[in-house]
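Right, I'll just put the structure down here and ask away after.
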């Protein structure tokens, strides 16, 4: 995991000295300076390559996870013609490396992402059909002056494009690198690729699946569901550094921690996974997390935070997230505190449970889905917007402190299997027959049922969904809403539509976050990179995203 940054001349010719904030910069100085805005993503090394005669600069900020000694970027091909900056993890790189070695005797990958460079030699842009993982990369071919840019299917890894006044193309992992210099910025669409010369880039989707357009009809196979998730977790354990797992006490993170523990004990029966929870004192999540930690015998740590401590970071979290979405801001402040603590322990990679709610229909408002068709359509929408909400939060908060976060639920083969399960097997409802008994059909019922044999205590396996911002302590939402609202007068809020005609804030809390965002990322183009996370209002759901306001929520008690 890392940060990537690049500038590509609009015409393939040298870029002259640039003036920024009153100072003149060479192309190399400019690239290094702007990439420095995301240097927290790669605290271990910075690599810069400049091709002056082509007007190209490529920068890599590295967090060393795989191939610690050999994997510093940018990567350059043996003949010097190809240059690559890549962010992410290619989970099938060992299999791909073995295939490459058959064609090029003695090949050994410098890191997981190095296979992208080698696959381009053999497959060109079709290399995207070979790799599985979370990624965003830019590959430059000096011979043809062509560029290949691509992002993983679900946008686990962030990437933005920008264009300056001269028409030069800018690429960065974070928006903050682009906004001071670019007149236009946009989010690079997940599952998409672009190839060609700057100004004539061909654009296409490298990831398309039938479930995106059609309602699936595949019955759920519980043993297959279980083995598929186990396989996904196994692929996500490849790393050369110490790792741990987030453990909120919800079924998603708990299952990932349990499966990871079982896999690691195949080679080391005494292995204990390091797990971490965060919350206010007496938070609902703590007791459930303790039960799981005891059950799987993990080395567990609870981080208790005070409300004022988290509230101090509102401006910081908007800057790191690059969003003004209420849900995302609320969730991220406790997680930022936890990530900072995890970093202090020496851990550089953590596993998490993001993505399960989107592919299984885990949010409480899914109980109000009127029919199977709309249920599935909403799942597809949530998956396609992951890069604007959960993936954005998970990646940017963890990388703000130089920690990589991996999400096995969003393993591409696993997502394809789950999204092909017919909606009648996934939709929550009042009753369902399980092992001869009638049970309330909780959200993510099939996921729970698939792992009902020795993975988690029943009290956690069948625990109702708690949104993270609720689970860390019910007082947290009330407090952040109150404090944010106190910064906005009635007169200011009355001008919300005039001041913010796009994505007009509907509450004072939302207005406050929007004002902070505007100060840090001015301009309508930056504002348009944000999509607000709200439940389905046409299903009769309240606009406030907190799980507590949904009619089906019941406060979890001991």
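A Cβ is built for glycine as well, from the same backbone N, Cα and C atoms used for every other residue.
From TrEMBL, for reference:
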type     : residues           : note
ACT_SITE : 2                  : active site, for GATase activity
DOMAIN   : 2-199              : domain 'Glutamine amidotransferase type-2'
BINDING  : 112                : L-glutamine binding site
BINDING  : 246, 278, 352, 353 : ATP binding site
SITE     : 354                : site 'Important for beta-aspartyl-AMP intermediate formation'
Where residue 352 (ATP binding site) and residue 112 (L-glutamine binding site) are concerned, what is their Cα separation in Å, rounded?
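Cα to Cα, residue 352 (ATP binding site) and residue 112 (L-glutamine binding site) are separated by 21 Å.
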Between 0 and 100, where does the mean pLDDT of the domain 'Glutamine amidotransferase type-2' (2-199) sit?
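Summarising the domain 'Glutamine amidotransferase type-2' (2-199) by its mean pLDDT gives 94.
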How many Å separate the two farthest-apart Cα atoms among the ATP-binding residues 246, 278, 352, 353?
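Answer in Å: the longest Cα-Cα distance is 15.
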Roughly how many Å separate the Cα of residue 353 (ATP binding site) from that of the residue listed as 'active site, for GATase activity', to the nearest whole number?
21
Enumerate same-chain residues with a sequence separation of six or more from the residue listed as 'L-glutamine binding site' and a Cβ-Cβ distance below 8 A; give 'none' if the list is empty.
66, 67, 71, 89, 90, 91, 93, 133, 238
Which whole-number value in Å describes the distance between the Cα atoms of residue 278 (ATP binding site) and the residue listed as 'active site, for GATase activity'?
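Distance between the two Cα atoms comes out at 25 Å.
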Going along the chain, which residues six or more apart from the residue listed as 'active site, for GATase activity' have their CB under 8 A from its CB?
41, 42, 60, 61, 62, 63, 73, 87, 173
Count the Cβ atoms, other than its own, that fall within 10 Å of the Cβ of residue 352 (ATP binding site), considering every protein chain shown.
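Step by step: centre on the Cβ of residue 352 (ATP binding site), count other Cβ atoms within 10 Å, giving 22.
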What is the interatomic distance between the Cα atoms of residue 246 (ATP binding site) and residue 354 (site 'Important for beta-aspartyl-AMP intermediate formation'), given in whole Å?
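Cα to Cα, residue 246 (ATP binding site) and residue 354 (site 'Important for beta-aspartyl-AMP intermediate formation') are separated by 10 Å.
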Among all protein chains shown, how many Cβ atoms are found within 10 Å of the Cβ of residue 246 (ATP binding site), not counting that one?
28
Please work out the number of neighbouring Cβ atoms within 10 Å of the Cβ of residue 354 (site 'Important for beta-aspartyl-AMP intermediate formation'), leaving out its own Cβ.
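A count of 25.
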